[in-house]
């Protein structure tokens, strides 16, 4: 078992010559001390590259050896006997240390120039017990009170052990070494301790506060007292050099008094004391000019200037017009020149510049909006210049040109050179946003007139459509087969399948009647349950209002209609344009644009009663919509959209569309975003939590947009227009309210045919799959997958 022994070395100051040497340094112990120090190197020699780092001595002795040496490391004497016991050795060592300390203090008082004594304890570890007493020394830590190179002539450049130069040292973070020494050998990084080691060093090491890390070698350097004093002086804002005297007496190396001395000391000439002849001639000329009246005095010149100038009048309140006049004088802006005539204005233009019938018809159609025309005139062709008549709009164009020159303000604008690609928002690729419909898969044919509306069963197996041929057809989606056809007495404007999967009901708006139809498809138990629900009318204790009785009447279907599947008929006093269901399937709303203040009605299926939510009409109602989550009701007029709270019966918000005519709207399944279609070729995306104005206006179609629809599961929405196109777009709504919705147009599906200026009339999504259905004026229903 190894034992760590400690060798203590004390630096003892030289004693005065008149004092005798210590009594305990006898000649008997000199031989033993010399044998002990045979393997010990001179402490003045630097055996390692690390300054100030304590190292251990390996010895096989079982004793603590203590000896004394001078500043240069010469051996002076040994303290204590080798054969004494551990306790006696410790006591004798302590007594000798006290005596040495007293001697050191005494000598420091007598001689201030001598170095102070310091004691260092160096621990030694023994790995295996051996018979030899060989001791390997390590250079002790440097005394902080002394300058590092006070006793040597070593320069700073020679002390630089790391030769990598002035580079960032973090380049060596991934390597085990930190650079190269003068012999081109790697300098290995010192071992790094953890936080516990740092904490123990902070407690045990008294010099921890003055220890810094050298970034070049990674070693820890102990700051001297001079270094600390220098740092303190710099922090306190004083001059770093203590020997510099700030208030030394001023030495005038050069005098501050100006001494004037002549360049040449030549005596004045004799003619310098006589009057100048040239000045005499000049004065005589001026006198002659005054006598002849050619020359005037200063007073006469000032008087003539005052008479010419006349009286001055100043404006008390200066206006902006005067400043503008001065600006026009000093910085005029020339009038813009008219554009040179092009090929279209020629009397014999090329054929491609002449209008065809379609372009001429469109040009005449924009008579009320001439600013939207491509050209302000219609190009004409003549055989010769003699046949060209007088230009009928010449005087008007000259008059408008004069108005532009006279009334239009002129200003210089700095043209910004902005790259067009910088203005285009960066959108993800459509390939990354799949799935979405890309091709036409099925065409459902069977109607003989316009197909106005389409709706899908909640489970996604069947499809219902309504047409102007006064029929309602139920289709099987997978095969395209028409299962049932229900004939009505009037044009079918709208159909809507009940969103509640526990009921099998279709609401059909035909003329002024609302038919509740059981399609008799799907689960037989579900069909029977629906018939039982609609068979008997519930008994109502509440007396209905006269306004409601005159507006709507509930009745069971006749036997002939019962065979077709019609169960309940709700008769309105005006033609119905739209019908929509609440998410739970118990309420449905109808819109009658000609109904004035009774245009919108809400019907409750379970109690067979109706309500008129509004007492006053604030516009021509186009369509209505239920909120999917909250008890809110959306009412769209021609120009605006109002949101009402059905519980509090008050207006919540009014959305400003800035459009001429609203055609339809659809709400996002989460209920925070609304999509509106208009007849003026626009789609408006409203963020209900953000503002009452559109978050984004999309102009994707060339003609009126008839219908829009959100998908219930996927971040998709579609729009149908009279340009026979169905445009599918990606509309991602994030849960983070601080992140705006992502809108990306994906695919344009254009397979419908145009009939009498009509194209796609309605679009609807499959409830489960990313499929979209569209109805058109070509009497077909098309499925895109």
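From the backbone N, Cα and C atoms, a Cβ is placed for every residue, glycine too.
Under the heading compositional bias 'Basic residues', Swiss-Prot lists 1-11.
Feature annotation from Swiss-Prot assigns compositional bias 'Acidic residues' to 45-54 (among others).
Residues annotated as compositional bias 'Acidic residues' in Swiss-Prot: 61-73 (among others).
Taken from Swiss-Prot, the feature compositional bias 'Acidic residues' applies to 85-102 (among others).
Swiss-Prot lists 103-112 with the feature compositional bias 'Basic and acidic residues'.
Annotation source Swiss-Prot lists compositional bias 'Acidic residues' at 150-159 (among others).
Each residue in the repeat 'WD 1' (446-487) gets a DSSP state, and the totals come to 0 helix, 24 strand, 18 coil. Taken from Swiss-Prot, the feature repeat 'WD 1' applies to 446-487.
Restricting the average to the repeat 'WD 2' (489-527) gives a pLDDT of 91. Under the heading repeat 'WD 2', Swiss-Prot lists 489-527.
Here the repeat 'WD 3' (571-613) has Cβ contacts under 8 Å with residues 493-500, 502-503, 505, 507-514, 516, 537-538, 540, 542, 544-545, 547-548, 550-555, 620-626, 628, 633, 635, 644, 646, 649 of the same chain, all six or more residues outside its ends. Per Swiss-Prot, the feature repeat 'WD 3' maps to 571-613.
The repeat 'WD 4' feature in Swiss-Prot is assigned to 616-654.
Per DSSP, the secondary structure of the repeat 'WD 5' (657-696) breaks down as 0 helix, 18 strand, 22 coil. Residues or ranges marked as repeat 'WD 5' in Swiss-Prot: 657-696.
Within its own chain, the repeat 'WD 6' (700-739) has Cβ neighbours under 8 Å at 430, 433, 435-437, 663-670, 672-673, 675-683, 685, 689, 745-754, 757-765, 767-768, 770, 772, 774, 776, 784, counting only residues six or more beyond its boundaries. Here Swiss-Prot flags 700-739 as repeat 'WD 6'.
Counted with DSSP, the repeat 'WD 7' (755-785) comes out as 0 helix, 18 strand, 13 coil. What Swiss-Prot lists as repeat 'WD 7' is 755-785.
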Does the repeat 'WD 7' (755-785) make contact with the repeat 'WD 1' (446-487) through 3 or more Cβ pairs under 8 Å, each pair 6 or more apart in sequence? yes
Residues of the same chain, at least six outside the repeat 'WD 4' (616-654), with any C-beta under 8 angstroms of its C-beta? 577-578, 580-583, 587, 589, 591, 593, 596-597, 599-600, 602, 660-667, 669-671, 674, 676, 686, 688, 692
